[in-house]
Amino acid sequence: MPQIVFVYGNEVGSTHINVTDGRNVSLLPDGTHPIANKEVQVRVVHSLTLQSINVVIGWVYFLAWSISFYPQTIENFRRRSVVGLNFDFLCYNLTGFLAYSFFNVGLFYVKSVQDEYFAQYGGSVIPVQPNDVFFALHAVVLTIVTITQCFFFDRGDQRISNICKGLTSVAWLFAGISLVVTLTGKINWYTYLNFFSYIKLGITLIKYIPQAVMNYRRQSTVGWSIGNVLLDFTGGSFSLIQMFFLAYNNNEWNSIFGDFTKFGLGFFSILFDILFMTQHYILYRHSREYTPIEDNEKQHDDHKDANVNKPVSAI
């Protein structure tokens, strides 16, 4: 007769319980025992309400971060121009979110990777949530859409810098070499995927710099959507709030370091968003549509030529 087993927690945290059954029961069609070697995760939290709030917060920052890609795309389409949007930023973004997608998908869906994570961090909760996976994949798609716009809209004389090409090449070369090392069994798959998270974090540290410098040189933020910045700031803030709520509610502060990329992504994004808001609303708030200096000089020369060729009225 089936028996119900109640497990009571004395303190907040989580653990894994291996369940076996020594009774003489019928084997499953594949010849395995129906209960033997089953593993159950038991988690005790501070508050079920806070757990529900954390889920809502996760979807709020997912929506904010996901929607943040659209204002720039719409701005480019409206202007029929990508002048003002730095190409290095787009290149870094694509590399970073591809790396972030590999990490999130691997840790969230692959059981063997999860087992390696648990072996390293004990009975810790998986730090990757479903909205993290959706966000990363969605970011890759929208970044590709924005890059595609660069081929069809006015882009001026802008090109991807050699520095950007070099750094992204080094990142993918590192990923390729690490894959070979993983296949030889020198490191496990969780460690390999963690390298992608470090690539993403490194990209986050530098990807905004070219855009900030470009705004400074132009003394303008025209072409760089402030809607993108505001939504990114919202997403980054809620991302950090979710991580700390999750760590507190499960009493597992090491979960922050288990997905340090997520923490760094939110933290450094907020810092640069504050810089961009300062540029847009304070430093360059009176800036208008940017016109290259050489174009102004050409228009001035054309105007002089027109005056020279203009007939002089008789006095």
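Heads up, the Cβ atoms here are built off N, Cα and C, so glycines get one too.
Nobody curates TrEMBL annotations by hand; they come from automatic prediction.
The following features are taken from TrEMBL:
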- 48-70: transmembrane segment (TRANSMEM)
- 82-103: transmembrane segment (TRANSMEM)
- 133-154: transmembrane segment (TRANSMEM)
- 166-183: transmembrane segment (TRANSMEM)
- 189-209: transmembrane segment (TRANSMEM)
- 229-248: transmembrane segment (TRANSMEM)
- 260-278: transmembrane segment (TRANSMEM)
- 295-315: region 'Disordered' (REGION)
- 295-307: compositional bias 'Basic and acidic residues' (COMPBIAS)
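Residues of the same chain lying 6 or more positions beyond the ends of the transmembrane segment (229-248) and with a Cβ under 8 Å from any Cβ of it are 46, 50, 53-54, 57-58, 60-62, 64-65, 67-68, 71, 125, 127, 129, 255-256, 259, 262-263, 265-267, 269-270, 273-274, 276-277, 280. Through the fold, the transmembrane segment (48-70) approaches residues 129, 131-132, 134-135, 138-139, 142-143, 146, 227-228, 231-232, 234-239, 241-242, 245-246, 248-249 of its own chain, all at least 6 residues removed from its boundaries and within a Cβ separation under 8 Å. Beyond its flanks by at least six residues, the transmembrane segment (133-154) meets 62, 65-66, 69-70, 72-73, 76-77, 79-83, 85, 87, 90, 93-94, 97-98, 100-101, 104-105, 108-109 of its own chain at Cβ-Cβ distances under 8 Å. With a cut-off of 8 Å between Cβ atoms, the residues of this chain six or more beyond the transmembrane segment (260-278) that come close are 100, 103, 127-128, 132, 197-198, 200-201, 204-205, 208, 211-212, 215, 221, 224, 226, 229-230, 232-233, 235-237, 239-240, 243.
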